[in-house]
Amino acid sequence: MADVYLDNNATTRVDDEVVQAMLPFFTEQFGNPSSLHSFGNQVGLALKKARQSVQKLLGAEHDSEIIFTSCGTESDSTAILSALKAQPERKTVITTVVEHPAVLSLCDYLASEGYTVHKLPVDKKGRLDLDHYASLLDDDVAVVSVMWANNETGTLFPVEEMARMADEAGIMFHTDAVQAVGKVPIDLKNSAIHMLSLSGHKLHAPKGVGVLYLRRGTRFRPLLRGGHQERGRRAGTENAASIIAMGVAAERALEFMEHENTEVKRLRDKLEAGILAVVPHAFVTGDPDNRLPNTANIAFEYIEGEAILLLLNKVGIAASSGSACTSGSLEPSHVMRAMDIPYTAAHGTVRFSLSRYTTEEEIDRVIAAVPPIVAQLRKLSPYWSGSGPVEDPGKAFAPVYG
Amino acid sequence: MWDYSEKVKEHFYNPKNAGAVDGANAIGDVGSLSCGDALRLTLKVDPETDVILDAGFQTFGCGSAIASSSALTEMVKGLTLDDALKISNQDIADFLDGLPPEKMHCSVMGREALQAAVANYRGEELEDDHEEGALICKCFAIDEVMVRDTIRANKLSTVEDVTNYTKAGGGCSACHEGIERVLTEELAARGEVFVAAPTKAKKKKAAPVVAAEPAPAPVTEAPVAPPKMSNLQRIRRIETVLAAIRPTLQRDNGDVELIDVDGKNIYVKLTGACTGCQMASMTLGGIQQRLIEELGEFVKVIPVSAAAHAQMEV
């Protein structure tokens, strides 16, 4: 029996059509797109086509607004650092507490360099307070960077509205849309978003290629200077094969957009309902009414996530966890902590993320596999006794250290 | 995913002695919910002989926490309490054929649970000396609290110092940024400013030798020549340096002993856990570096094995 892959927010299988499209660019059409001769010229035309496919997926007005990069992280760094470089008189960045480390670590670094960083808090469902956000929009803010969808819970932020608010205040708005692109329809030309980051490998393209969308007219300072590639906005020889793959992946993502929001969503809902119907003391984290169609993040109380993953892995099911142990840190996921999920549950969160390749059979298998694993681990837990948590867990088990 | 040994997997998938022991008369609760690890160890001890008749565990934690708990219960059964207390966290890790550095704290938790259970049985108060911070050096599993405490206790001011005292930063060097950050904060706290070591691609192995043969230098830059030490003064100085390093080695259950001084050659013996430790050569390098700095001359630290030592004394 093949293994079940429910970790598509981490990375995805490369689409077969995508692989076929990129292969000739390793051996037959290996030219440098900057070259004048026919070897290079062919590649240049293929890149143009890929750029237009991405433009279409994002609903961008011009294909020159698409800049290919090496990954989502590079796009994030380029966007935020560009905004600061281009507006040296502005020293403040606004972001959220639940961003991906690609943005959060950079912002922490900027704070240590003397910039002011406002991290918008979230409520228990992972939602932002827009009145609070509005109160922070002043002339010192160089850029607002807010993720479109959260990678752990799938919760969607109202980035289009937030971008409008920033734009009206004359502030650049960047969104890390790595998890959203390909899963939710995006129409940038009718938005006020100035910059957007995406990553190829989250939408069935290979790893090592990303995109920065840069609205025409947005002041920009490149991160990498050198050759004239990407109109001088991202120097370095193009990763031609992967960019071409990215283009095809973008086309395929548009084709599957409806499937993602109907069939994938149905399977996700079935998985969630199936598990929650049988496993007590478990709940969905984030905002269930406003999230990506493919993501289910479930907290299993009184047990630890890594242990769950190891046992799932043993029966051929791949998922991921926000537990401290899976990352090697001592704190559980910053996203769970930000939502004020109690430690007894935060360590036991498991993220199931589906894709267009997920089948009904696979979901049935996972629904059957999860309850006994949770029961097995609870049997070992000092917070669990018989068929429920011990009475007053905080008192019944009070460790000496800690 | 973690690189767990087969033994860890075995104890995780099929844990031994899971659940509380009936009629337990020694209970040790340790861990911290915020860290995602908590363990209750229950023992049944024969009041006549102090022998552990049965052991059980309940663990909230990851794969290696559960495996460490299971291993611990297997290890202590049949031992007297005193013998059981001799089990170190390294013994637990060894029993499991090793743990990844990020997971060594799981074995520490096992040892702490044992101490707590014995204290509970004997009606003693247990001193809580446990503190753990985020991991800084992944090569040697050194956390921030350890780095910070060592910097404070020994007034360290360079990354190299930190490596010599704690091993942190002695491997891949990727954590040097983190160590510099802690140093900057700690130095600021004592009113000093962190100054980074000069950029150099090659380790300055040859530099001290050059210093030993001072070239004629402009008068203004001429360093004050270290006053010539008598042999006795010199040996005392060496002893002082070793005494300063000793607590760091003892923390890892090791030690160092001065055997002989012969010109530039300083013979030492590494004992305890230092014997056969893969880190021994690095530890020696650290000791040598400290001695060179303290004595202001180039010296060579030479390890002496027990056998060679005996021979030398003959």
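Using N, Cα and C of the backbone, Cβ positions are placed for all residues, glycine too.
Here TrEMBL flags B:Cys35, B:Cys62, B:Cys106 as Fe cation binding site. TrEMBL lists B:Cys137, B:Cys139, B:Cys172, B:Cys175 with the feature [2Fe-2S] cluster binding site. Residues or ranges marked as domain 'NIF system FeS cluster assembly NifU N-terminal' in TrEMBL: B:4-125. Residues or ranges marked as domain 'BFD-like [2Fe-2S]-binding' by TrEMBL: B:135-185. The domain 'NIF system FeS cluster assembly NifU C-terminal' annotation in TrEMBL covers B:238-302.
For the binding-site residues listed here (B:Cys62, B:Cys139), the lowest count of other CB atoms within 10 A around the CB belongs to B:Cys139. With a 10 A radius on its CB, B:Cys137 ([2Fe-2S] cluster binding site) counts 27 other CB atoms from all the protein chains.
Cβ-based crowding with a 10 Å cutoff singles out B:Cys106 as the top-ranked of the binding-site residues B:Cys106, B:Cys172, B:Cys175. The [2Fe-2S] cluster site is defined by B:Cys137, B:Cys139, B:Cys172, B:Cys175, and by the 8 Å test on Cβ atoms against their centroid, the other residues of the chain that qualify are B:Ile136, B:Lys138, B:Phe140, B:Ile142, B:Ala168, B:Gly169, B:Gly170, B:Gly171, B:Ser173, B:Ala174. In this set, none of the binding-site residues among B:Cys106, B:Cys137, B:Cys139, B:Cys172, B:Cys175 has a C-beta falling under 8 Å from a C-beta of chain A. Reduced to three states, the DSSP call for B:Cys137 ([2Fe-2S] cluster binding site) is strand. Comparing B:Cys175 ([2Fe-2S] cluster binding site) with B:Cys106 (Fe cation binding site), their Cα atoms are 22 Å apart once rounded.
Geometry remark: B:Cys62 (Fe cation binding site) versus B:Cys137 ([2Fe-2S] cluster binding site), CA distance 21 Å. Across the fold, the C-alpha of B:Cys106 (Fe cation binding site) and the C-alpha of B:Cys139 ([2Fe-2S] cluster binding site) stand 17 Å from each other.
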